[in-house]
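Structure first, then comments.
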Amino acid sequence: MGFMDFLAKMGENLPAVSKPKDKPTLTRKLLWTFIGLIVYLLMASIPLYGVTSSNSFLSNFLAQQIIFASSQGTLAQLGIGPVITSGLIMQILVGSKLINVDLTTQEGKSKFTQAEKALALIFIIVESSLFGYVFTRATSNILLPIIVVVQLIIASYIILLLDEMIQKGWGLGSGVSLFIMAGIMKVIFWNMFGIVSVQSQNLPVGFFPLLVSYITSGRNLQEIVLNTSSTTPYQPDLIGLIATVGLTILIVYLVNTNIYIPVTTQRLRGIRTTVPLNFLYVSSIPVIFVSVLGADIQLFASLANSISNSASGILTDIANAFFFPPQGVPHSVYALVVDPVGAAIYAAVFIVLSIVFGMLWIDVAGLDPKTQAEQMIRSGIEIPGMRTNPRIIEGILSKYIYALGFFSSLIVGLIAVVATFLGTYGTGVGLLLAITIAMQYYNLLAYERTLEMYPLLKRIVGE
């Protein structure tokens, strides 16, 4: 029995959510999506028994909280980190042919899903054990570590089941995307309208309540135009607000920009149409990879601190290149003045790795010209004036796809870096993720609504 078979067998025996017998209506899907979101938000608000703010140690890492949709010191401490990490690893293993699974068959898809679920559980157990040890290492109560670990394992597995419930058709989209978007929107909303600060989750008083306070008290408004305070590094400012609005408009425009390739179909001879390739061909995948890599390094650096100071120091130095500004430095344009060298290193590392991961993702995820050419031929799509030969079509597509892959990776990396430098609300990566996920949900809602209005379309699209 191979590694994949072992994981798949393990996944089959885990508690699971069954698919609905009949396809739920859009209203029902929205209801279950809302229920899943409420359950997740409640878990993100319930503190872990036996863990206090004084012995939790990741309160300064806003980036981790956003990428993993986690909430410090709560039942959602791990967030969707194990699910994301296992998914990325499985995609890489299958895409690079290190594990042979035919994802075009129902059996292959099922095997992949079960293996991914089992690997996520392994990560849940490992990370829960590490957190349980670090959170309770100062206590003499031998039962407390076990209690914390059990809480984390159960809560994290419930989050996994919530994601599974939504993906299997009870809800809309995926739980991973939904929880990430909810976490980011919470941060952005709080940065605008929060009336109190929540130090444990890096949530300051919002910009607008602060603006009202400054006006009524007659204080100098220049202080909230640009945050230069090291005592309140997460305090939002006016420049960050303007940058958030401006970059939101830019990202929405780019997400809706397509490059069109002229094609014909074998079924409709003589009729020409186009196949759209999104300008952001790899979407936000590159910045997710870079952020997850940095967050994981930072996480293990913090966990290693209680085991080996030297190992923790090395990992921390590496992780610092992935995040900016450093701890205690204002999250605003002022950070460029305080630490210009760190800003340059961060920009170089983030942009270069975004390009590297973006180009790798094209081959790993089946977005490469060869795979796309084969799919076009199977669908009966041809390029006018060219023979129906996979190699010829592959050569033509390669001119578009690799250029789009490079520039889209470069652009999303640049957007994330510039957004971070300008102090956008929710961080640069968070804003990029929130908008792309929101656009996906908008298109999904429009699709589902159209199918409900015109039932005949269900037969045409095979639903």
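Cβ coordinates come from backbone N, Cα and C, glycine included.
Source: prediction; values computed, not measured.
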Using the topological domain names from Swiss-Prot, determine whether K168 and T274 lie on a common side of the membrane.
yes
Can you check which of 9-17, 81-89, 90-98, 198-206 Swiss-Prot lists as intramembrane segment?
81-89
Looking only at residues six or more beyond either end of the topological domain 'Cytoplasmic' (1-20), which have a C-beta under 8 A from one in the stretch?
99-101, 111-119, 121, 157, 161, 164-165, 168-170
Is it true that the transmembrane segment (405-423) and the transmembrane segment (284-305) have 3 or more Cβ pairs under 8 Å, skipping pairs fewer than 6 apart in sequence?
yes
With Cβ distances under 8 Å as the criterion, find the stretch in 61-89, 175-193, 427-441 that has the most pairs with the transmembrane segment (284-305).
61-89
Which numbers of helix, strand and coil residues does DSSP report for the topological domain 'Cytoplasmic' (1-20)?
10 helix, 0 strand, 10 coil
Could you check whether the transmembrane segment (237-258) and the transmembrane segment (427-441) come into contact, where contact means at least 3 Cβ pairs under 8 Å with the two residues of each pair 6 or more apart in sequence?
yes
Per DSSP, what is the residue tally for the topological domain 'Extracellular' (135-142) in helix, strand and coil?
2 helix, 0 strand, 6 coil
For the topological domain 'Extracellular' (306-341), give me same-chain residues lying six or more residues beyond its boundaries with a C-beta closer than 8 angstroms to one of its C-beta atoms, as numbers and ranges.
60-61, 63, 133-134, 137, 226-230, 232-235, 237, 239-240, 290-291, 293-295, 297-298, 300, 347, 349-350, 420-423, 427
Same-chain residue ranges lying at least 6 outside the transmembrane segment (427-441) that approach it to Cβ under 8 Å:
62-63, 66-67, 172-173, 177-178, 180-181, 184-185, 187-188, 244, 247-248, 251-252, 255-256, 280, 283-284, 287-288, 291, 331, 412, 415-421
